[in-house]
Each structure stands twice: as structure tokens, then as C-alpha cells.
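Below is one structure, written out as C-alpha cells; comments come after it.
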Amino acid sequence: PRPFRPLPAAWAMLATKEQEEDFQRFVRRVEEISDLVQGLSSTDPAVKEKALAETEKRLHDQERSQEEEESRTVVNRTVINTQPSDTASAEAVDTEDFLAMLEKDAKERAKRRKRNEQLANALKEKGNDAFRRGDYVLAIQRYTEGLEKLKDKQELYTNRAQAYLKLQEHEKALGDCEWALKCNEKCIKAYFLMGKAHLALQHCREARQCYEKILQIDPQKENLFKECMKEVDLEEKRLRDEERALEEAECGKLAALSIRELLQRLEQPGQHLLYYAGGIRLLAEAVKDCTQQTLFRTNNGFSILQDKEAVRGGFCAERKSTAEVELSVSLLVLWQAVCAGNEENQRLLLAQPDVNAQLPKLLASGLAEIQRETLALISLYSESENGRRLLVKHQDLTRWLQILMMFVSSPDARAGKAMKILADLTEEERFRAQCRVRLSTDVLPLFSQLLSCAKVEKGRALSQCIGIMGNLCADRVLRLQMAEARECWQGCLRLLEEHSAVSTAEDQQCVFAVLGLMMNLLLEASVLSQDLAVDISGRCMSLLRDKDGRIVTRATGVLSRILAASSSAAEAAVGAGLVKKMLKILKAGGEITSNYALKTLSICTRRSRQAQEELVKADKAFRLLLKLLDSENEMIVANAAFCLGHCLAVPGAAASLLGSSVVKVLLRHAAADATRAAVQDNAAIALGKLCVAEPRHVLQLRELNGLAILNSSIKYLPST
């Protein structure tokens with residue numbers, strides 16, 4: 001193993017040994033003079049005296065050195081120093097003169113440095129512009145010019161190293177990283193680029209140590225560290241695989257020889273497309289393990305499209321003949337064989353320009369056999385994190401959501417495979433960002449159409465598609481676009497309306513998914529959702545009778561959000577018997593459903609006197625609400641207290657609680673240090689309303705010494 005060299009002597013490629021020694025002498029002189037100035041300014045007499053003596057000694061030595069230099073004359077000397085040294089004057093320089101000289105020199109140096117730094121920064125920006133344009137040679141030139149102005153500017157070294165890496169000049173990149181670390185020993189970018197350079201040179205051990213140094217400097221870079229270490233792991237695996245494959249080939253193993261022989265046969269020019277298709281099929285069958293995948297790679301198997309114009313033409317043809325279809329399918333099957341579980345081969349395949357360009361076209365080709373194999377190939381990437389990143393890096397995925405969504409109506413396995421790929425891709429933030437481009441114009445019209453045809457095409461793929469759209473709502477930009485699309489809401493409502501006519505297992509799964517999507521969309525307040533609030537709440541009210549408890553839970557969740565956005569929807573729901581339905585759900589239990597139901601009741605009792613009266617009549621002496629106030633779920637407690645406070649406005653409601661534990665319970669919550677401030681606030685408000693509505697509760701409050709607690713709680717409530 002190669003020893004790790006944090007600062008190896010590779011910088012001779014960038015500067016001479018003399019330049020390095022000069023740089024080090026310069027740094028030492030600056031440090032020595034800085035120590036002298038600090039000593040001369042010290043309040044400690046001993047330190048000051050020692051510094052003064054050292055200063056006088058340095059001045060005397062300097063003058064003596066000058067005299068010796070002047071005394072060395074040669075025959076052909078053309079310039080003679082005619083200014084005699086004034087040793088006596090030098091010896092007479094006192095501390096104040098020396099300090100003044102140093103101060104003047106420091107100011108001049110600072111002025112020159114400031115001017116040079118401005119020039120260096122301007123050259124750095126020019127280099128950055130060239131780098132962004134892909135002109136790495138010009139970028140290196142500008143960074144080099146900047147270093148001539150300011151040789152200790154770390155950013156110029158790391159930027160130039162990055163440009164060198166782009167040009168595959170890894171040793172030069174290492175040298176620049178080492179210089180950057182001389183300027184700043186904790187430069188994370190320098191260690192990162194140094195690790196990249198070492199990895200490109202197959203120095204895996206050194207690359208690991210560079211990345212470990214990043215984590216030591218900044219523990220917050222753990223994600224970057226893990227990604228870098230994974231790259232090292234992959235490189236080490238690649239090297240091991242290639243070494244093992246080479247050994248098998250040298251030993252003359254049949255499997256290794258067959259890969260080489262088949263690739264050689266495919267090199268024969270002027271053959272019919274079916275000849276190549278057949279050979280590619282045989283090659284796919286021969287690739288059975290990692291060693292054979294590696295042999296395919298090391299024997300330039302991925303160059304088949306570049307080297308064979310006939311193969312390339314057949315694969316890239318827009319309207320494919322039967323032979324071209326067979327060729328394309330054979331290639332897709334081969335790539336599945338060589339890429340399955342092999343991340344290096346996956347990377348190389350997507351690095352092929354023709355493959356990148358053709359993948360979306362093959363998906364949209366309408367040819368079932370090609371589509372099946374293309375989906376199978378893409379799924380090899382989407383099922384792993386590294387594969388998904390490769391797709392996002394190499395592919396323009398802006399149209400993929402629309403293309404893959406079109407498979408929902410496919411009657412065979414293509415639909416499920418396409419939805420699985422989409423579900424995997426939605427985990428990638430960069431994929432969600434790319435979906436923003438065409439969501440409103442292309443995707444939502446198609447999605448609405450699929451929902452409208454759901455009576456015919458309801459199935460697992462459709463429910464998966466709806467779930468994927470719900471997952472995309474994690475991106476707020478996408479969520480806003482969907483929430484503001486009338487066609488999306490109308491499609492959801494049509495699907496819910498058809499639920500009463502068709503009630504299969506697939507149908508229920510679609511309804512469940514649509515309700516989840518609607519809950520996500522209602523996280524955004526929009527004029528459109530307010531306009532449709534009555535229709536939405538009406539559909540959800542009818543679903544409260546469903547036998548599927550999951551559907552009841554989500555329908556209640558939608559109600560808890562839509563009724564908060566519309567007074568008219570809340571009034572209509574109360575008129576349709578909402579209060580009794582919510583109380584029935586609360587009695588049945590279930591924490592999530594109870595949360596939604598209680599929030600719905602809180603909204604309605606705040607908006608509607610009818611809801612207050614119905615709750616008081618249906619929940620005798622508030623037995624159910626009192627039970628909920630003892631819940632360990634703070635959200636339930638907060639909403640129960642909120643709901644109770646509204647209902648105390650009904651005549652006789654507060655009196656019905658005389659003799660109960662309500663004062664004690666509310667006081668406990670008002671005084672408790674709850675995680676949710678709403679628990680304390682709502683409990684205090686309900687307790688205050690209780691005492692106002694029925695003064696006899698004040699007696700119990702006094703007995704519990706609760707007036708001070710109540711006054712304190714009310715004091716800190718936000719004003720309304």
C-alpha cells in the first residue's frame with residue numbers, strides 16, 4: 001500500500017525547489033518580525049528588553065552583511081555601489097525609528113496586497129466564467145495569472161485544481177491542492193479535490209484519508225463523507241473485479257474466452273441486422289456473473305454502438321423495421337445482463353450519448369416488446385440510490401413523469417413496472433424539481449383524464465399513480481400547481497362520485513389514494529378549493545358510511561381541512577348531520593381518526609351555533625369530551641378543550657358540568673408544561689368561559705387554589 005502524504009513533494013511540477021525555499025524563508029521572516037514587534041510593544045520590561053536587544057543584533061548583522069557583499073568585487077563588475085554604509089547611523093537607530101520604519105513598511109505592503117488582491121479576484125472571476133463555459137484551459141490560465149498577483153490565495157489553487165481534474169491532469173490537481181492546504185490547512189475543498197485526484201489515479205487508500213480529513217474538520221459534512229467513501233468503495237470493487245476477470249482470461253477459462261470470442265464476431269462488418277441481433281442475444285446469455293460483466297466492460301463491449309454504424313442506425317431508427325425491433329430488443333436484454341447489480345457498468349452505459357438520447361424515445365415508442373425491455377433496464381437503475389442518481393445526472397427527466405404515467409392504461413405488467421419506477425424516482429429531490437417544468441401543461445391534463453376514465457381502468461396501477469402524485473406534493477411548487485388546477489380537483493371528485501356505483505377492492509384502493517392526495521393539496525389555501533369546498537365536503541360526508549375504515553379516516557381528514565377553509569361548507573356539513581357522525585367516530589376510537597374528527601368538531605362548533613347545540617344535546621354532560629381531555633395525545637386534548645369552550649355558550653351547558661371533574665382537569669392542563677402551547681391556552685380559555693357561564697364553578701376553582709393559575713394563564717394568552 002502507498003503511504004498517505006498529506007503534503008508530498010509533488011509540487012516540483014508547479015514550482016522549482018528554489019521557489020519553495022524562498023516561500024518558506026519569506027514566511028519565517030514575517031513570523032520573526034511579527035514576534036519582534038509584539039515584544040517591543042510588551043508591557044513586560046524583561047520581554048521588551050530582550051526584543052530590543054534582538055532588534056539591535058538583527059540590524060547590526062544586516063549592516064555587516066551589506067558591507068561584506070559590497071566588498072566582493074569582480075573584474076567585469078559594471079555596477080558599483082557608491083553609497084558607503086553608515087554603520088554608526090544604523091547602530092543609532094532607536095526603537096521608535098525601527099517601529100516607524102516597520103509601520104511604514106507594513107502600510108506599503110498592505111497597500112500593495114490590497115491592489116494585488118483586487119487584481120487576483122478579478123482574474124479568479126474570469127477563470128470561473130471560463131470554467132462555467134467548459135473552457136478549462138483558459139480557466140487554468142486565468143487562475144495562474146491570479147496566483148502571479150497573489151501567490152497565497154487558496155481559492156485560486158483549488159479552482160485551478162478543479163480545472164485540472166476536468167482535463168484529467170490529476171497530478172497537477174494534487175499539487176494545487178497541496179499548495180491550497182499550505183494557505184489553509186483546514187480547506188475542505190482542497191481535501192475533497194485531492195481525494196478525487198487520488199481516486200482517479202487509483203490511490204484508494206489516500207483518497208479515503210482525504211475524505212476522513214473532511215469529516216475531522218467538519219463533522220456536519222457526514223453526508224458528503226458517505227458519498228465520497230461510497231465512490232471509493234465502488235472504485236475498489238471495480239479494480240478487484242477487473243483483476244479477477246483478467247486472471248480468468250489468462251487462465252483460459254471457457255466463460256471468459258466466450259465473451260471475447262462473441263465480441264470479436266460482432267466486429268465483422270457488412271452483416272445483416274439479424275446477424276448482429278443473434279450475436280448480441282448469445283452474448284447476453286453468456287453473461288451470467290460479475291466476472292463476465294467485467295470482461296464485457298474491459299473488452300470494450302460498450303463501444304458496440306460507436307463502432308458499428310449498422311447497429312447504431314438500427315437502434316436509433318425512428319420507425320423501426322422488424323429486424324430493427326429485434327436488434328433493439330437484443331441490445332436492451334444485453335444491457336440488462338451486463339448492468340444487473342453492477343454500478344460501474346450502469347455508469348458506463350448511461351455515459352453513451354446514443355443510449356441517453358434513445359431511452360425516452362423507446363419508452364414512448366408504442367412497441368410493447370421494446371417498452372417492456374426498456375422498463376426492465378430502467379428499473380435496474382431506479383431500484384438503487386446510486387442508480388437513481390445516475391439517471392438524474394445523465395437524463396433529462398422532465399418528460400418522464402408524463403411518459404411513464406401513460407402506462408397506467410396498459411393491460412399487462414408494463415403498468416406496474418412503470419409505476420414502480422416512478423415511485424422510486426420521486427424519492428429524488430432533483431427528479432421532483434424536474435417535474436415542475438411540464439406538470440401543469442402536460443402531466444395534469446393526462447392525470448385528470450386517467451381519473452375520469454377510472455370506472456373502466458381502475459386497478460392497482462391507477463392507485464399507485466395517484467399515490468405518486470400525492471408523494472410529489474412533498475415538493476411545495478408541485479403541490480401549489482396541483483392545488484390550483486381545476487381539472488385535477490374535478491378528476492378527484494369524479495372518482496369519488498363513482499365509488500358509490502362500483503365497490504371492488506381496486507376501486508377502494510383508488511378512493512383511498514385520492515383522499516390522501518386531496519389531504520395533501522389542502523395543505524395549500526387556494527381560491528379554487530374554497531369554490532369547490534361544498535362539493536368536496538359532500539363527497540366526503542357520503543364516504544363516512546364506507547365499510548373500509550381507512551377510507552373513513554381519510555374522508556374525516558379531508559373534512560378537517562376543507563371545512564376550515566369554507567364557512568358555507570361547514571354549515572352544509574352540520575346540516576347534513578356532521579356532529580353525530582363525528583361523535584360516533586370518536587366513540588369508536590382510533591387515534592388518527594379521532595384527531596381528525598375532533599378537529600372537524602372544533603371547526604364546526606366555532607362556526608355554527610347549531611353545531612354547538614347538537615353537540616351539547618348528543619353528548620350528555622360532555623362525557624365524551626371529558627374522556628378525551630384525559631388523553632395522552634396533546635393534539636386531542638387541545639381540540640377537546642377548544643370544542644368545549646365553544647359549547648359553553650349554549651344555555652345550561654356549563655351547569656350540566658357541576659359536580660364533574662372538569663375544573664380540576666382543565667386547571668391541570670392550564671398549569672402543565674405541555675409541548676403544545678395550544679393545550680395550555682385552550683384549557684385556560686375553556687376554564688374561564690366555564691366560570692363566567694356558571695359562577696358556582698368558581699368555588700371549586702378557589703378550593704383548588706386555581707384563581708392565580710387561571711389569571712396567569714389568561715394574562716399570557718395572545719390578544720384577539
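Note that Cβ sites are derived from N, Cα and C of the backbone, with glycine treated the same way.
Note that TrEMBL annotation is computational and uncurated.
Range with TrEMBL annotation coiled coil, chosen from 225-252, 589-616, is 225-252. Non-local neighbours of the repeat 'TPR' (188-221) in the same chain are 1-2, 4-6, 154, 157-158, 161-162, 165, 168, 170-171, 173-174, 177-178, 180-181, 228-229, 231-232, 235-236, 239; each lies 6+ residues outside the stretch with a CB under 8 Å from one of its CB atoms. Broken down with DSSP, the repeat 'TPR' (188-221) shows 30 helix, 0 strand, 4 coil.
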